[in-house]
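As structure tokens, the structure follows; a few thoughts come after it.
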DNA sequence: TCACATGTAAAG
DNA sequence: TTTACATGTGAA
Ligand SMILES: [Zn+2]
Ligand SMILES: [Zn+2]
């Protein structure tokens, strides 16, 4: 038995996107299992791969497997089937899908040099007493170590903690009081946090009904999807927690997906507080080895619940009962690079393969999901009221055109200014929200109008204040802010546009006595800074918090009674069929940040197009009407959920080549469409991509639209094969995105 | 004729 | 992606 194995080699190329068979030498037979990582000879060299099948007989010559990694099985049959589905659905190589599933990289054990006391705690205390008072920093360091002997900090970290430099630590090492020790880094990202254990709350009537319905679905032991639509502050998390408890009772496992930016200690503690160390966390920021470690922990320890971002949908469970997707509508569930999967769709597929239940939670369902409840594909459960019957906040809309007419040239309307003043007087807190898209700050010359742009991308460089620098958001290119215009030499070159810094500055001018903080990429770059700002806001040390998307996510700030949105319609101007949906979701989300305590909340939305239904209906908290209107326009314009889209992007540093290939592919596609009588299929383009150039690569795109996705996929793959045979311009990159979220 | 550059197909 | 082999080119 186990004579041969079928291996997918780790090479993302069309020609090797098929299994290769190898003979297993006797010494390795005991380690043969699907999902193991192997080393095999490939051509004249060695290569890594994964076992995807075990075969008893072959009718051709084979080479021998060189080695099988014994660490663990990277995927089981169920995850392999899921990978196969992904590769087919999203048109990528099987190996790419597999690599999305397994923890990335090698089992590199990361080490660091940590500081430990050289003597026992008691002895160290004595040393402290006997030390020369002049070495007060050394005493501080030593005392810190005596109090926190298990922290295992590196010398830089320790120096930071006690506000000194590593040289102090060096001195202590030389004296023999402490020593360096190399430790394996096996980080448990939240182990240092103390979690308040919580008991199940007694649910509200609506929650009770929701839990009951979910339990019923779980009991069926048959795959199904439930959409839990609950207004902001309606207590969705408690429903999740009690649903998980039911899954645990049945001896099964749960995956909880939350959007990347919501994966904070607060979120994690909600789950750890209830279920303790049965919970593991899978960040996607975890580095190579760390993710590997967490995987090992999940497999080896008694982990029953995994909380994580997008990729946690692949958590290595064998007896999955439930997958929860919080904020189901969030666009971060779609992966940006290949394979461009959507975690919601993958979750539904995975649930189908393991007879599990998917629970989608949100206040503002994606059009797709709500539509599926209407046609009976998903079950719909609603939580229409906030807990304790708190009212939804009052929303007022300000027409910025009117403001301007009446002579207000600031970015804050009269009303917003008054309300801010009022909150400051009452000692209540406010949040000011800026939609990041369309809100870049750019540097422009006042004399000749020259705008500082990225050489490699078709965008202007963004101005950052701290440190002062110009940066490209697409390729990370950085340069110093010029003192003179590179075009005309004028010294009147300065930054324009509204950024969070600018809002913060203006607020400081308006309310010099207020404490104002800002939360954006600049202020949260430092590790832990995000947490720090949030917690000091929560403690009431900050009166006004200015921020981007980051502050819109489900934090509970009881004392926030005012939310201002500087301009609501920036997203509306984008060439994207989801613009209306995005705007509605964002406004609802932001509005939900207020009135979560005993005091009522108020929301002020400033807009240049206040008549737009996304804004009007967000004011009314009226999702249903919004859905009705939006679904109507989608149906007429033949956009999802009534059709599927496939976006094909061509890119190369030579735009002529890109255009040539785009045209070629466009022609092949139309020819194929005629052949297969593709009347239901529409081809748009080729057109220049909305982001015409990124990292020096020019981009053109083709968009396919049609009711039958498998027909679309077949068409693309056929056309691409044909293109490969035909085209001489092989250097042009062709990238396929199935179900793209936007048009970019 | 050799040394090196460039293209192309194949990988069990 | 790496590699071998085929084919092509220019200088000696
Ligand atoms: Zn750039
Ligand atoms: Zn100029």
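Using the three backbone atoms N, Cα and C, a Cβ is placed for every residue, glycine included.
Quantities reported herein were computed from a predicted structural model and do not represent experimental measurements.
Record features, source TrEMBL:
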DOMAIN    A:217-383  domain 'Helicase ATP-binding'
BINDING   A:445, A:448, A:485, A:488  Zn(2+) 1 binding site
BINDING   A:454, A:457, A:472, A:475  Zn(2+) 2 binding site
DOMAIN    A:480-637  domain 'Helicase C-terminal'
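The Cβ of residue A:475 (Zn(2+) 2 binding site) has A:454, A:456, A:457, A:694, A:695, A:696 as same-chain neighbours under 8 Å, each 6 or more residues away in sequence. Proximity to ligand 2 at the level of Cβ atoms, with a cut-off under 6 angstroms, picks out none of the binding-site residues A:454, A:457, A:472, A:475. Taking the C-alpha positions, the distance from residue A:472 (Zn(2+) 2 binding site) to residue A:488 (Zn(2+) 1 binding site) comes to 22 Å. Residue A:485 (Zn(2+) 1 binding site) is surrounded by 20 other CB atoms, counting those within 10 A of its CB over all protein chains shown. Checking the binding-site residues A:448, A:454, A:457, A:472, A:475, A:485 for a CB within less than 6 Å of any atom of ligand 1 leaves A:454, A:457, A:472, A:475, listed in sequence order. The Cβ of A:488 has fewer other Cβ atoms within 10 Å than any other of the binding-site residues A:445, A:454, A:457, A:472, A:488. Proximity of residue A:448 (Zn(2+) 1 binding site) to non-local residues of its own chain (separation of 6 or more, Cβ distance below 8 Å) is seen for A:485, A:487, A:488, A:490, given in sequence order.
Listed in chain order, the residues near the Zn(2+) 2 site other than A:454, A:457, A:472, A:475 are A:455, A:456, A:459, A:461, A:473, A:474, A:476, A:477, A:694, A:695, each with its Cβ within 8 Å of the site Cβ centroid. Same-chain neighbours of the Zn(2+) 1 site beyond A:445, A:448, A:485, A:488, judged by a C-beta within 8 angstroms of the site's C-beta center, are, in sequence order, A:446, A:447, A:449, A:450, A:486, A:487, A:489, A:490, A:492, A:493. When secondary structure is read from DSSP and collapsed to three states, residue A:445 (Zn(2+) 1 binding site) falls in the strand class. Note on the domain 'Helicase ATP-binding' (A:217-383): its mean pLDDT in the predicted model is 93.
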